[in-house]
Amino acid sequence: MISVVSTVESAPRGSGTPAPSLYQRVRKVLTRDLLVTLALGQVLSLLICAISLTSKYLADDFHANTPVFQIFLNYILLFLVYTTTLAVRQGEENLLAILKQRWWKYMILGLIDIEANYLVLKAYQYTTLSSVQLLDCFVIPVVLLLSWFFLLVRYKAAHFVGVGLCLLGIGCMVGADLLLGRQQGLGEQKLFGDLLVLGGATLYGISNVSQEFIVKNLSRVEFLGMMGLFGSFFSGIQLAIMEHKELLKVSWDWQIGLLYVGFSAFMFGLYSFMPVVMKRTSATSVNLSLLTADLYSLFCGFFLFHYKFSGLYLLSFSVIILGLVLYFSSNTYVAQDPRVYKQFRNTGSQLVTDPPLVSRGVPEPSVTYTSLGRDLGDELPVRVA
(Lines of atoms letter the chains of each structure in order from A; the text may use other names.)
(Lines give C-alpha, C1' and ligand atoms only; values in the text may rest on other atoms or scores of the structure.)
Protein backbone atom coordinates (compact mmCIF):
# COMPACT_ATOMS: atom_id res chain seq x y z
CA MET A 1 0.00 0.00 0.00
CA ILE A 2 1.33 3.36 -1.00
CA SER A 3 1.08 6.16 1.53
CA VAL A 4 0.89 9.71 0.31
CA VAL A 5 2.00 12.44 2.67
CA SER A 6 1.07 15.97 1.76
CA THR A 7 2.35 19.10 3.38
CA VAL A 8 0.96 22.62 3.32
CA GLU A 9 3.47 25.41 3.29
CA SER A 10 2.53 28.67 4.88
CA ALA A 11 1.84 31.41 2.39
CA PRO A 12 4.24 34.34 2.44
CA ARG A 13 3.09 37.34 4.38
CA GLY A 14 1.36 40.01 2.44
CA SER A 15 0.14 37.68 -0.34
CA GLY A 16 -3.02 36.43 1.41
CA THR A 17 -6.57 37.63 1.08
CA PRO A 18 -7.25 41.15 2.35
CA ALA A 19 -8.71 41.64 5.80
CA PRO A 20 -12.52 41.69 5.84
CA SER A 21 -14.15 45.09 5.93
CA LEU A 22 -16.37 46.33 8.75
CA TYR A 23 -19.47 45.63 6.66
CA GLN A 24 -18.36 42.03 6.06
CA ARG A 25 -17.72 41.53 9.75
CA VAL A 26 -21.18 42.86 10.64
CA ARG A 27 -22.76 40.61 7.99
CA LYS A 28 -20.89 37.66 9.47
CA VAL A 29 -22.46 38.31 12.88
CA LEU A 30 -25.90 39.51 11.80
CA THR A 31 -26.89 36.43 9.84
CA ARG A 32 -30.39 35.77 8.60
CA ASP A 33 -30.96 33.10 11.27
CA LEU A 34 -29.89 35.50 14.01
CA LEU A 35 -32.22 38.24 12.77
CA VAL A 36 -35.13 35.79 12.54
CA THR A 37 -34.43 34.61 16.08
CA LEU A 38 -34.35 38.17 17.37
CA ALA A 39 -37.62 38.94 15.59
CA LEU A 40 -39.34 35.87 17.05
CA GLY A 41 -38.25 36.85 20.55
CA GLN A 42 -39.63 40.36 20.07
CA VAL A 43 -42.98 38.92 18.97
CA LEU A 44 -43.14 37.20 22.37
CA SER A 45 -42.28 40.49 24.07
CA LEU A 46 -45.07 42.29 22.19
CA LEU A 47 -47.54 39.62 23.31
CA ILE A 48 -46.48 40.12 26.93
CA CYS A 49 -46.83 43.88 26.45
CA ALA A 50 -50.41 43.36 25.26
CA ILE A 51 -51.10 41.10 28.24
CA SER A 52 -49.76 43.76 30.62
CA LEU A 53 -51.87 46.53 29.05
CA THR A 54 -55.11 44.56 29.23
CA SER A 55 -54.36 43.59 32.84
CA LYS A 56 -53.69 47.24 33.71
CA TYR A 57 -57.01 48.36 32.21
CA LEU A 58 -58.87 45.62 34.06
CA ALA A 59 -57.27 46.43 37.42
CA ASP A 60 -57.11 50.24 37.25
CA ASP A 61 -60.15 51.29 35.21
CA PHE A 62 -62.60 48.53 36.11
CA HIS A 63 -61.19 47.37 39.49
CA ALA A 64 -61.23 43.73 38.38
CA ASN A 65 -58.47 42.09 40.44
CA THR A 66 -58.89 38.54 39.16
CA PRO A 67 -55.47 37.12 38.21
CA VAL A 68 -56.49 33.50 38.81
CA PHE A 69 -59.60 33.87 36.66
CA GLN A 70 -57.53 35.36 33.85
CA ILE A 71 -55.06 32.46 34.05
CA PHE A 72 -57.98 30.01 34.16
CA LEU A 73 -59.36 31.36 30.87
CA ASN A 74 -56.01 30.73 29.18
CA TYR A 75 -55.83 27.13 30.39
CA ILE A 76 -59.39 26.53 29.20
CA LEU A 77 -58.39 27.65 25.70
CA LEU A 78 -55.35 25.36 25.79
CA PHE A 79 -57.63 22.51 26.86
CA LEU A 80 -60.12 23.12 24.07
CA VAL A 81 -57.46 23.29 21.35
CA TYR A 82 -54.53 21.08 22.34
CA THR A 83 -55.95 18.59 24.86
CA THR A 84 -58.74 17.68 22.46
CA THR A 85 -56.12 17.30 19.71
CA LEU A 86 -54.29 14.75 21.85
CA ALA A 87 -57.57 12.98 22.58
CA VAL A 88 -58.23 12.21 18.90
CA ARG A 89 -54.69 11.08 18.10
CA GLN A 90 -53.76 7.43 17.77
CA GLY A 91 -50.92 5.39 19.20
CA GLU A 92 -48.39 6.61 21.76
CA GLU A 93 -49.32 10.26 21.15
CA ASN A 94 -52.87 9.67 22.36
CA LEU A 95 -54.00 11.47 25.51
CA LEU A 96 -54.62 8.28 27.50
CA ALA A 97 -51.26 6.80 26.48
CA ILE A 98 -49.45 9.94 27.65
CA LEU A 99 -51.34 9.98 30.94
CA LYS A 100 -50.48 6.33 31.61
CA GLN A 101 -46.77 7.00 31.13
CA ARG A 102 -46.14 10.38 32.81
CA TRP A 103 -49.33 11.87 34.21
CA TRP A 104 -47.76 12.76 37.59
CA LYS A 105 -44.91 14.69 35.95
CA TYR A 106 -47.32 16.91 34.03
CA MET A 107 -49.45 17.34 37.13
CA ILE A 108 -46.47 18.75 39.03
CA LEU A 109 -45.43 20.89 36.06
CA GLY A 110 -48.97 22.26 35.74
CA LEU A 111 -49.00 23.28 39.41
CA ILE A 112 -45.61 24.96 39.02
CA ASP A 113 -46.78 26.93 35.98
CA ILE A 114 -49.98 28.09 37.69
CA GLU A 115 -48.27 29.27 40.86
CA ALA A 116 -45.48 31.02 38.92
CA ASN A 117 -48.07 33.19 37.19
CA TYR A 118 -50.01 33.79 40.37
CA LEU A 119 -47.04 34.75 42.59
CA VAL A 120 -45.72 37.40 40.21
CA LEU A 121 -49.15 38.94 39.66
CA LYS A 122 -49.82 38.92 43.41
CA ALA A 123 -46.48 40.60 44.19
CA TYR A 124 -47.63 43.90 42.61
CA GLN A 125 -49.93 44.39 45.62
CA TYR A 126 -47.03 44.40 48.10
CA THR A 127 -43.90 45.77 46.43
CA THR A 128 -42.82 48.39 43.91
CA LEU A 129 -42.73 48.09 40.15
CA SER A 130 -38.93 48.49 40.17
CA SER A 131 -38.54 45.58 42.58
CA VAL A 132 -40.71 43.36 40.38
CA GLN A 133 -38.74 44.33 37.27
CA LEU A 134 -35.38 43.68 38.88
CA LEU A 135 -36.21 40.58 40.90
CA ASP A 136 -38.11 38.99 38.03
CA CYS A 137 -34.76 38.83 36.21
CA PHE A 138 -33.82 36.16 38.76
CA VAL A 139 -35.40 33.71 36.32
CA ILE A 140 -32.33 34.07 34.04
CA PRO A 141 -29.70 32.66 36.46
CA VAL A 142 -32.22 29.98 37.47
CA VAL A 143 -32.62 28.91 33.85
CA LEU A 144 -28.86 29.02 33.28
CA LEU A 145 -28.16 26.76 36.27
CA LEU A 146 -30.96 24.31 35.51
CA SER A 147 -29.94 24.10 31.84
CA TRP A 148 -26.32 23.51 32.88
CA PHE A 149 -27.05 20.66 35.31
CA PHE A 150 -30.15 18.99 33.83
CA LEU A 151 -29.98 19.72 30.09
CA LEU A 152 -26.15 19.61 30.05
CA VAL A 153 -25.98 22.89 28.11
CA ARG A 154 -22.58 24.58 28.07
CA TYR A 155 -22.02 28.29 27.52
CA LYS A 156 -19.16 30.45 26.30
CA ALA A 157 -17.85 33.73 27.65
CA ALA A 158 -19.86 35.60 25.00
CA HIS A 159 -23.09 34.21 26.44
CA PHE A 160 -22.33 35.46 29.95
CA VAL A 161 -21.32 38.88 28.62
CA GLY A 162 -24.58 39.03 26.65
CA VAL A 163 -26.60 38.12 29.75
CA GLY A 164 -24.77 40.82 31.70
CA LEU A 165 -25.58 43.45 29.07
CA CYS A 166 -29.27 42.49 29.11
CA LEU A 167 -29.42 42.82 32.89
CA LEU A 168 -27.59 46.14 32.64
CA GLY A 169 -30.26 47.33 30.23
CA ILE A 170 -32.98 46.45 32.75
CA GLY A 171 -31.02 48.40 35.37
CA CYS A 172 -31.03 51.47 33.10
CA MET A 173 -34.78 51.20 32.68
CA VAL A 174 -35.40 50.97 36.43
CA GLY A 175 -33.03 53.91 36.97
CA ALA A 176 -35.05 56.00 34.52
CA ASP A 177 -38.24 55.08 36.36
CA LEU A 178 -36.74 56.19 39.65
CA LEU A 179 -35.56 59.51 38.21
CA LEU A 180 -39.01 60.21 36.76
CA GLY A 181 -40.79 59.19 39.94
CA ARG A 182 -42.84 56.47 38.29
CA GLN A 183 -42.17 53.88 40.96
CA GLN A 184 -45.29 53.88 43.08
CA GLY A 185 -47.40 51.32 44.86
CA LEU A 186 -45.13 50.51 47.78
CA GLY A 187 -47.05 48.34 50.19
CA GLU A 188 -46.61 47.78 53.88
CA GLN A 189 -45.05 44.35 53.33
CA LYS A 190 -42.41 45.04 50.71
CA LEU A 191 -40.20 42.15 51.82
CA PHE A 192 -43.12 39.76 51.42
CA GLY A 193 -43.75 41.08 47.90
CA ASP A 194 -40.07 40.70 46.99
CA LEU A 195 -40.12 37.10 48.19
CA LEU A 196 -43.20 36.45 46.06
CA VAL A 197 -41.33 37.70 42.97
CA LEU A 198 -38.31 35.53 43.72
CA GLY A 199 -40.52 32.52 44.25
CA GLY A 200 -42.40 33.18 41.01
CA ALA A 201 -39.16 33.68 39.06
CA THR A 202 -37.79 30.38 40.41
CA LEU A 203 -40.94 28.53 39.39
CA TYR A 204 -40.83 30.20 35.97
CA GLY A 205 -37.27 28.93 35.53
CA ILE A 206 -38.27 25.36 36.38
CA SER A 207 -41.27 25.54 34.05
CA ASN A 208 -39.28 27.00 31.15
CA VAL A 209 -36.45 24.46 31.36
CA SER A 210 -38.99 21.61 31.55
CA GLN A 211 -40.80 23.09 28.57
CA GLU A 212 -37.56 23.25 26.57
CA PHE A 213 -36.85 19.58 27.28
CA ILE A 214 -40.37 18.50 26.34
CA VAL A 215 -40.67 20.44 23.07
CA LYS A 216 -37.22 19.31 21.90
CA ASN A 217 -37.59 15.66 22.87
CA LEU A 218 -41.32 14.95 22.82
CA SER A 219 -43.90 17.29 21.30
CA ARG A 220 -45.09 20.87 21.49
CA VAL A 221 -48.72 19.75 21.28
CA GLU A 222 -48.17 17.27 24.12
CA PHE A 223 -46.80 19.97 26.40
CA LEU A 224 -49.60 22.43 25.66
CA GLY A 225 -52.27 19.74 25.88
CA MET A 226 -51.07 18.60 29.30
CA MET A 227 -50.83 22.20 30.50
CA GLY A 228 -54.40 22.74 29.34
CA LEU A 229 -55.62 19.62 31.13
CA PHE A 230 -53.95 20.03 34.52
CA GLY A 231 -53.78 23.83 34.38
CA SER A 232 -57.52 24.25 33.90
CA PHE A 233 -58.27 21.67 36.60
CA PHE A 234 -56.06 23.11 39.35
CA SER A 235 -56.57 26.77 38.45
CA GLY A 236 -60.32 26.11 38.53
CA ILE A 237 -60.01 24.78 42.08
CA GLN A 238 -57.86 27.76 43.08
CA LEU A 239 -60.36 30.12 41.48
CA ALA A 240 -63.29 28.62 43.40
CA ILE A 241 -61.40 28.91 46.69
CA MET A 242 -59.69 32.31 46.37
CA GLU A 243 -61.50 34.52 43.86
CA HIS A 244 -65.18 33.61 43.77
CA LYS A 245 -66.00 36.74 45.79
CA GLU A 246 -63.92 38.98 43.53
CA LEU A 247 -65.79 37.74 40.46
CA LEU A 248 -69.09 38.74 42.07
CA LYS A 249 -67.76 42.29 42.53
CA VAL A 250 -66.95 42.76 38.83
CA SER A 251 -69.37 45.09 37.01
CA TRP A 252 -69.84 43.07 33.87
CA ASP A 253 -70.36 44.89 30.58
CA TRP A 254 -69.16 44.60 27.00
CA GLN A 255 -65.93 46.54 27.71
CA ILE A 256 -64.86 44.25 30.52
CA GLY A 257 -65.82 41.24 28.45
CA LEU A 258 -63.75 42.52 25.54
CA LEU A 259 -60.74 43.04 27.81
CA TYR A 260 -61.03 39.50 29.19
CA VAL A 261 -61.32 38.13 25.66
CA GLY A 262 -58.28 40.16 24.57
CA PHE A 263 -56.23 39.04 27.56
CA SER A 264 -57.12 35.38 26.94
CA ALA A 265 -56.28 35.66 23.23
CA PHE A 266 -52.88 37.25 23.90
CA MET A 267 -52.09 34.75 26.65
CA PHE A 268 -53.09 31.85 24.40
CA GLY A 269 -50.91 33.24 21.63
CA LEU A 270 -47.96 33.54 24.01
CA TYR A 271 -48.31 29.95 25.25
CA SER A 272 -48.78 28.61 21.72
CA PHE A 273 -45.90 30.54 20.15
CA MET A 274 -43.32 30.28 22.94
CA PRO A 275 -42.59 26.54 22.38
CA VAL A 276 -41.93 27.29 18.70
CA VAL A 277 -39.28 29.86 19.62
CA MET A 278 -37.92 27.71 22.44
CA LYS A 279 -37.45 24.74 20.14
CA ARG A 280 -35.46 26.96 17.78
CA THR A 281 -33.31 28.48 20.54
CA SER A 282 -33.49 27.72 24.27
CA ALA A 283 -35.21 28.71 27.51
CA THR A 284 -32.38 31.13 28.31
CA SER A 285 -32.68 32.86 24.94
CA VAL A 286 -36.44 33.26 25.33
CA ASN A 287 -36.16 34.82 28.79
CA LEU A 288 -33.50 37.24 27.58
CA SER A 289 -35.73 38.28 24.69
CA LEU A 290 -38.64 38.89 27.07
CA LEU A 291 -36.67 41.60 28.88
CA THR A 292 -37.78 44.10 26.24
CA ALA A 293 -41.47 43.55 27.11
CA ASP A 294 -41.36 46.15 29.90
CA LEU A 295 -39.87 48.67 27.48
CA TYR A 296 -42.64 48.09 24.95
CA SER A 297 -45.15 48.63 27.74
CA LEU A 298 -43.44 51.93 28.56
CA PHE A 299 -43.50 53.03 24.92
CA CYS A 300 -47.23 52.32 24.80
CA GLY A 301 -47.62 54.19 28.08
CA PHE A 302 -46.23 57.35 26.48
CA PHE A 303 -49.31 57.50 24.26
CA LEU A 304 -51.98 55.81 26.40
CA PHE A 305 -51.11 56.97 29.92
CA HIS A 306 -48.95 60.03 29.14
CA TYR A 307 -45.80 58.72 30.82
CA LYS A 308 -42.78 61.01 30.91
CA PHE A 309 -40.02 60.20 28.44
CA SER A 310 -36.36 59.64 29.34
CA GLY A 311 -33.39 59.03 27.08
CA LEU A 312 -32.39 56.18 29.41
CA TYR A 313 -35.27 54.15 27.96
CA LEU A 314 -33.70 54.22 24.50
CA LEU A 315 -30.30 53.45 26.04
CA SER A 316 -31.84 50.53 27.92
CA PHE A 317 -33.45 49.14 24.77
CA SER A 318 -30.19 49.47 22.81
CA VAL A 319 -28.15 47.74 25.52
CA ILE A 320 -30.61 44.85 25.74
CA ILE A 321 -30.66 44.37 21.96
CA LEU A 322 -26.83 44.48 21.93
CA GLY A 323 -26.76 41.83 24.63
CA LEU A 324 -29.17 39.65 22.66
CA VAL A 325 -27.07 39.97 19.50
CA LEU A 326 -23.95 39.02 21.44
CA TYR A 327 -25.69 36.05 23.06
CA PHE A 328 -27.17 34.72 19.81
CA SER A 329 -23.96 35.27 17.81
CA SER A 330 -22.27 32.34 19.56
CA ASN A 331 -23.61 28.80 19.80
CA THR A 332 -24.25 26.74 22.90
CA TYR A 333 -23.87 22.97 22.87
CA VAL A 334 -24.88 19.93 24.87
CA ALA A 335 -21.90 18.54 26.75
CA GLN A 336 -22.80 14.91 26.23
CA ASP A 337 -25.64 12.98 24.71
CA PRO A 338 -27.92 11.51 27.43
CA ARG A 339 -27.59 8.02 25.93
CA VAL A 340 -23.81 8.22 26.23
CA TYR A 341 -24.15 9.46 29.81
CA LYS A 342 -26.53 6.61 30.66
CA GLN A 343 -24.17 4.00 29.24
CA PHE A 344 -21.21 5.49 31.10
CA ARG A 345 -23.19 5.57 34.34
CA ASN A 346 -24.26 1.92 33.99
CA THR A 347 -20.70 0.70 33.36
CA GLY A 348 -19.61 1.93 36.78
CA SER A 349 -15.87 2.36 37.08
CA GLN A 350 -15.12 0.15 34.09
CA LEU A 351 -13.45 1.99 31.27
CA VAL A 352 -15.06 1.74 27.89
CA THR A 353 -12.39 1.32 25.23
CA ASP A 354 -14.55 0.36 22.27
CA PRO A 355 -17.40 2.47 20.99
CA PRO A 356 -20.86 1.04 21.67
CA LEU A 357 -22.58 -0.85 18.92
CA VAL A 358 -25.36 1.14 17.35
CA SER A 359 -28.36 -0.83 16.22
CA ARG A 360 -29.72 -0.35 12.74
CA GLY A 361 -32.10 2.57 12.50
CA VAL A 362 -30.94 4.16 15.77
CA PRO A 363 -28.91 7.35 15.29
CA GLU A 364 -25.45 7.42 16.80
CA PRO A 365 -25.09 9.65 19.89
CA SER A 366 -23.53 12.96 18.99
CA VAL A 367 -23.06 16.49 20.18
CA THR A 368 -26.27 18.49 19.79
CA TYR A 369 -26.07 22.19 19.05
CA THR A 370 -28.94 24.22 20.45
CA SER A 371 -28.60 27.64 18.84
CA LEU A 372 -27.97 28.96 15.37
CA GLY A 373 -25.29 26.52 14.33
CA ARG A 374 -21.54 26.24 14.56
CA ASP A 375 -19.39 29.31 14.53
CA LEU A 376 -17.51 29.74 11.30
CA GLY A 377 -14.25 29.54 13.14
CA ASP A 378 -14.99 26.22 14.88
CA GLU A 379 -13.20 23.17 13.60
CA LEU A 380 -15.23 20.34 12.19
CA PRO A 381 -15.14 17.10 14.20
CA VAL A 382 -12.76 14.43 12.96
CA ARG A 383 -13.99 10.83 12.94
CA VAL A 384 -11.34 8.06 12.94
CA ALA A 385 -12.73 4.85 11.53
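Cβ from N, Cα, C; glycine included.
Listed in TrEMBL for this protein:
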TRANSMEM  34-59  transmembrane segment
TRANSMEM  71-91  transmembrane segment
TRANSMEM  103-121  transmembrane segment
TRANSMEM  133-153  transmembrane segment
TRANSMEM  160-179  transmembrane segment
TRANSMEM  191-209  transmembrane segment
TRANSMEM  221-242  transmembrane segment
TRANSMEM  254-274  transmembrane segment
TRANSMEM  286-307  transmembrane segment
TRANSMEM  313-335  transmembrane segment
### Query
Near the transmembrane segment (191-209), which residues from the same chain, at least 6 beyond its ends, have a CB less than 8 A from one of its CBs?
109, 112-113, 115-120, 122-127, 131-132, 135-139, 142-143, 146-147, 150-151, 278, 283, 286-287
### Query
Relative to the transmembrane segment (160-179), which of 133-153, 221-242, 286-307, 313-335 accounts for the most Cβ pairs at distances under 8 Å?
313-335
#### Entry: Chain residues in Cβ proximity to the transmembrane segment (133-153) (below 8 Å; excluding those fewer than six residues from its ends, i.e. six or more beyond)
120, 163, 166-167, 170-171, 173-174, 177, 194, 197-198, 200-202, 204-206, 208-209, 212-213, 282-284, 287-288, 291, 294, 332-336, 338, 341, 370
### Query
What stretch in 34-59, 103-121, 254-274, 286-307 has the biggest tally of Cβ pairs under 8 Å against the transmembrane segment (221-242)?
103-121
